[in-house]
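Encoded as structure tokens, the structure appears first; notes follow it.
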Amino acid sequence: MLKQRVLTAIPMAGAFLAGAYWLPTPVLAAIFLVIIALGAWEWSLLAGLTPLRSKVLYVLLVIACAGALYRYAGDGQSFTRELVQPVLGLTCLWWCFALLWVRSFPASAGLWDSRLGRSLIGVLILVPAWFAALYLLNIEARGAVMVALVLIVATADIGAYFTGKAFGRHALSPQVSPGKTWEGFWGGVLAVAVLAVAIWSLLPERFDHLSLVAVLVVVLATAFASVLGDLTVSMVKRVGGVKDSSSMLPGHGGLLDRLDSLCAAAPTFALGLVMVGF
């Protein structure tokens, strides 16, 4: 299973990073929108929307919400800090509520466990993630920024996986994801902290105003968010009795099973960059 996951992940990561460096921003925005639409299609299963018409309408709703944010940003041309900060801030506030739900699950399910509730959660996860990605594509050194985001999420995941496999004893969230442990979590945090120091040491001179503490805060917050994204989607899947969102990606399950961490990490990372003046 691990070998299959690696064989699927390497070309995916390579294609993503190559596109981040060389494709025009409008093309990347369109590609990301297609990815979000596919994610919405998979989420419709988690939301309990079984009729084909309901699935299609849900995908169109997600696309329409993304389009509304695109218009808000002046068709993607006005990504000033003042413009994006409220959206990213509200998104991170939503993830704080998600954290409370994960911590209190299954009691919290009474607040959102309905077709409408699960459908709304999908919109709140997918659309802001696309908006954050669009913002990251419009800032300086977008390729390096995208590489950093993917590295943070991957490092947190890999560090947690191997540390948890070797030392895992105490479940992180037994009601949501019994396989995740506190030992794995802290192993991922340690790995990401090392990565943060490496990123800070490689920053060019024009970013000398960024302290190591600022970089550590942004990178660690992004890693924490990636874990929360994974747990939140796992929580909804558990309520829906679904193991994988689909079988689209061999060894990984569905697209959502790979996007869950990034959907929470991207807005957190983007807001962090705004706050530290990147």
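Even glycines carry a Cβ here, placed using N, Cα and C.
Same-chain residues lying 6+ beyond the ends of the transmembrane segment (29-49) with a Cβ under 8 Å from its Cβ atoms: 19, 23, 55, 58-59, 61-63, 66, 70, 76, 115, 118-119, 122, 125-127, 129-130, 133-134, 137, 233, 236-237, 240, 242, 245-246, 248, 254-256, 259, 263. Residues annotated as transmembrane segment in TrEMBL: 29-49 (among others).
Below 8 angstroms of C-beta separation, residues 29, 33, 36-37, 40-41, 43-44, 47, 49, 79, 83-84, 87, 119, 122-123, 126-128, 130-131, 134-135 of the same chain, each at least six residues beyond the ends of the transmembrane segment (56-73), sit close to that stretch. The transmembrane segment annotation in TrEMBL covers 56-73 (among others).
Residues 69, 72, 111-112, 121, 124, 128, 131-132, 135, 173, 176, 225, 228-229, 231-232, 235, 264, 267-268, 270-271, 274 of the same chain, all 6+ positions outside the transmembrane segment (85-104), place their C-beta atoms under 8 angstroms from a C-beta of that stretch. According to TrEMBL, the transmembrane segment annotation covers 85-104 (among others).
TrEMBL lists 116-137 (among others) with the feature transmembrane segment. Sequence-remote contacts of a segment are chain residues at least 6 beyond its ends whose Cβ falls under 8 Å from one of its Cβ atoms, and for the transmembrane segment (116-137) they are 20, 25, 28-29, 32-33, 36, 39-40, 43-44, 46-49, 58, 61-62, 65-66, 69-70, 73, 76, 79, 84, 87-88, 91, 94, 98, 145-146, 149, 229, 232-233, 236, 239-240, 259-260, 262-264, 266-267, 269-271, 273.
What TrEMBL lists as transmembrane segment is 143-163 (among others).
If one looks beyond the transmembrane segment (184-203) by at least 6 residues along the same chain, the residues whose Cβ comes under 8 Å of a Cβ in the stretch are 148, 151-152, 155-165, 167-168, 172, 210, 212, 215-216, 218-220, 223, 227. The feature transmembrane segment is assigned by TrEMBL to 184-203 (among others).
Annotation comment: TrEMBL describes 209-228 (among others) as transmembrane segment.
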